[in-house]
Amino acid sequence: MTRFVLFISCFFLIGMIVECKDGYLVGNDGCKYNCLTRPGHYCANECSRVKGKDGYCYAWMACYCYNMPNWVKTWSRATNKCGKRK
């Protein structure tokens, strides 16, 4: 029984350490991926392309992805460069 509790504790600890990223996908121009005129599965495909688990077209008409690796660039209000000149 003690080993089982120890195993479950380690499992949850690993789950807390290996965090995944959620957010809006960002293109090279710094803008969110637009999905207004795309087919319904477009965002899910784009999210899986960057190793995300799932994605959908959010109310802002942009692709939102779940459980992506930390190296994937996501949109942030603080670092927003969309529509701004370089």
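Positions of Cβ are set from backbone N, Cα and C atoms, glycine also.
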Whichever of C31, C35, C43 is disulfide-bonded to C82 when Swiss-Prot is consulted: C31
Recorded disulfide counterpart of C57 (Swiss-Prot; options C10, C20, C35): C35
Second cysteine of the disulfide that Swiss-Prot assigns to C47, among C63, C65: C65
Rounded Cα separation (Å) that holds between C35 (disulfide bond) and C82 (disulfide bond): 16
Neighbour-count leader, CB within 10 A, disulfide-bonded residues: C31, C63: C63
